[in-house]
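Enquirer: This is the structure I have questions about; it appears just below.
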Amino acid sequence: MAFSSNTFVISMLISVVFISYLMVARAGNFYQDVDITWGDGRAKILNNGDLLTLSLDKDSGAGFQSKNEYLFGKINAQLKLVPGNSAGTVTAYYLKSPGSTWDEIDFEFLGNLSGDPYILHTNVFTQGKGDREQQFHLWFDPTADFHTYSILWNLHRIIFYVDGTPIREFNNLESKAVFFPKKQPMRIYSSLWNADDWVTRGGLIKTDWSLAPFTASYRNYNANACVWSFGSSSCNPNSGSSNSSSWLSEELDATSQERLKWVQKNYMIYDYCKDTKRFPQGLPKECTVNVS
């Protein structure tokens, strides 16, 4: 009987340790969650997997991708961007599917001269077509500390969040003949690279390589998402309650709608839906239809 009791206690201890391990893994560990894909040593995982850094010098930048593919999810990561004179640099953080008719959901942070604000560039691609740019300044210094950047992607909408504040919403308007990304699994990608031919004042300001290496840092990566593996999903995206996945049916309440309007009124600096010169034949359909 004593043997059986000891065996039970040991089994319980193993279960507790295993559950604790799963909870830690869910919180995000870069060793477990991502693969470094390029950079020849310029991407580093530090602090037992809690921190990841990407560096850029004149020879190369660096990048990583998630080990898993996802079909719907809420992806969070905390980033601290390149400080000081970051002109010419781009820190990209996005979801993307493979192929020539890919889907993509973008955060891109466009560097600038010291004292000038970063530009947060967002875009949504469907079937290989983007041209849905919205750009923002931020209401804080994104280089002084870590801030959380989130992508919500469910069957009904895509929402971009900064520190929990919504800055952009792209709704599923398939009923209005607007493509929406819902069939192609995507991975998270992130990279730090040189784009001084266009990124800062249209390419007029070049990267100052005397300041290299430029470094962006990441922590608290968390993909609360439907993992796509061997042709099937780990959850049912049509369900509103699976594995505590409230994001499957998440939408903006009245308070969040007001916060979205506040950001877009005070910090949006470009909206493709208002660029009539760019679209002389008429604005894209999603810009002109009412969301019901």
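Backbone N, Cα and C atoms are what each Cβ position is placed from, and that goes for glycine too.
In case it's useful when we look at the structure, here is the feature table from TrEMBL:
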- Glu104: active site, nucleophile (ACT_SITE)
- Glu108: active site, proton donor (ACT_SITE)
- 1-218: domain 'GH16' (DOMAIN)
- Asn112: N-linked glycosylation site (CARBOHYD)
Enquirer: Relative to the Cβ of the residue listed as 'N-linked glycosylation site', which residues of the same chain, six or more apart in sequence, are found under 8 Å away?
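Expert: Sequence-distant Cβ neighbours: Ser86, Ala87, Tyr118, Ile119, Thr200, Ile205.
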Enquirer: Let me check the 10 A CB neighbour count of Glu108 (active site, proton donor). How many other CB atoms are there?
Expert: 19
Enquirer: Validating a neighbour-count step here. Other CB atoms within 10 A of the CB of Glu104 (active site, nucleophile): how many?
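Expert: For Glu104 (active site, nucleophile), the 10 Å Cβ neighbour count is 19.
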